[in-house]
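Chemist: Pasting the relevant annotations from TrEMBL:
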- 16-31: compositional bias 'Basic and acidic residues' (COMPBIAS)
- 1-86: domain 'Fatty acid desaturase N-terminal' (DOMAIN)
- 93-348: domain 'Fatty acid desaturase' (DOMAIN)
- 1-42: region 'Disordered' (REGION)
- 73-91: transmembrane segment (TRANSMEM)
- 97-115: transmembrane segment (TRANSMEM)
- 228-248: transmembrane segment (TRANSMEM)
Amino acid sequence: WALRVSAPTRLTSAVEEDKRSSPLGEGDEHVAASGAAGGEFDPGAPPPFGLAEIRAAIPKHCWVKDPWRSMAYVLRDVVVVLGLAAAAARLDSWLVWPLYWAAQGTMFWALFVLGHDCGHGSFSNNPKLNSVVGHILHSSILVPYHGWRISHRTHHQNHGHVEKDESWHPLPERLYKSLDFMTRKLRFTMPFPLLAFPLYLFARSPGKSGSHFNPSSDLFQPNEKKDIITSTASWLAMVGVLAGLTFLMGPVAMLKLYGVPYFVFVAWLDMVTYLHHHGHEDKLPWYRGQEWSYLRGGLTTLDRDYGLINNIHHDIGTHVIHHLFPQIPHYHLIEATEAAKPVLGKYYKEPKKSGPLPWHLFGVLAQSLKQDHYVSDTGDVVYYQTDSKTNTSAQKSD
């Protein structure tokens with residue numbers, strides 16, 4: 001029972017989605033056509049295409065999962081992680097440690113992405129292989145594999161929905177204004193949002209309750225309890241390994257070798273996942289009620305260019321097609337995206353090209369945190385609004 005679950009139990013199929021989103025009524029068809037063809041483009045209008053049309057545009061080989069290729073990426077990343085740790089420990093120089101922390105934290109993030117593919121079932125067609133590899137990779141960086149996998153499944157099944165989305169979802173105005181000063185500060189002021197992931201694992205986001213470690217949490221179905229127990233036990237085992245190494249090597253050595261890279265990994269995870277859904281120069285819609293659909297929610301996600309990091313973190317920035325079709329392996333996402341662009345049209349937002357390192361995205365992140373505070377308590381198509389009082393007080397303090 002520890003191995004039997006690796007892929008989401010059920011995802012919306014293209015056929016089901018097309019029944020809701022493709023056969024538009026006359027009014028919707030007019031809105032979609034006027035938004036996508038003439039006049040000003042409305043990103044919140046129903047698109048004039050369905051999931052099946054996007055799927056048909058993607059070459060068939062892009063859907064093929066190669067477990068040998070996937071394992072080769074795992075081997076590559078593990079060898080790099082061990083090599084970096086061995087080199088840093090041997091050199092033990094303060095000229096080297098900052099470089100090691102940046103590099104190793106990025107590699108921890110790469111390991112997470114491969115475990116993420118295991119959770120989607122895009123790593124291989126073998127559920128046991130996905131579960132074993134996912135547990136090893138995620139536990140090594142203190143992520144409860146099944147707990148996170150299941151909540152991430154919820155995110156994909158409800159992306160773009162104000163109330164039901166799971167990751168970096170918007171706060172309704174009433175909830176936002178009920179937050180105490182410290183909670184708002186931690187959520188919207190750099191660098192605190194870049195350290196949010198461990199807190200999210202234990203307590204989720206404001207307005208939601210539950211823990212990724214508790215098998216009785218409302219995050220999970222009753223038949224998933226054994227999976228959560230397995231992942232929590234694996235997480236605790238890794239904590240025990242780290243405690244033992246700390247006893248043998250000393251706390252300072254372990255902080256340098258593992259602790260600091262772990263928080264660099266957390267910063268990568270929080271920044272990348274936030275920027276998948278925020279910070280575009282044009283406001284992106286969020287949905288409620290009948291206006292939401294799997295397709296329309298997926299089209300609010302964003303691709304990002306990370307320069308040299310694209311290959312290191314397995315092209316996770318190529319995110320729109322991943323959200324619509326999470327079963328596509330990461331090594332086919334770029335080709336699948338290029339094939340789908342003619343269908344997506346203006347609903348696809350071309351990412352700004354990065355230099356070798358994506359320094360520009362820190363500015364995008366900071367600007368979005370200043371502007372994207374809450375959405376209206378009412379309405380089925382809503383956009384982020386800015387708390388002018390918060391910005392005014394921040395300007396005065398500057």
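Positions of Cβ are set from backbone N, Cα and C atoms, glycine also.
Those TrEMBL annotations? Automatic predictions, nothing curated.
Just tell me what is around each of these and how deep it sits.
Modeler: Across the domain 'Fatty acid desaturase' (93-348), the model assigns an average pLDDT of 95.
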Chemist: Going along the chain, which residues at least six beyond the ends of the transmembrane segment (73-91) come within the CB cut-off of under 8 Å?
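Modeler: Distant contacts of the transmembrane segment (73-91): 97, 100, 103-104, 107-108, 110-111, 114, 133, 137, 253, 256-257, 314, 331.
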Chemist: In terms of Cβ proximity under 8 Å, which residues at least six beyond the ends of the transmembrane segment (97-115) contact it?
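Modeler: Sequence-remote neighbours of the transmembrane segment (97-115) are 70, 73-74, 77-78, 80-81, 84-85, 87-88, 123, 133-134, 137-138, 140-141, 143, 145, 256, 260-265, 267-269, 272, 309, 312-314, 316, 330.
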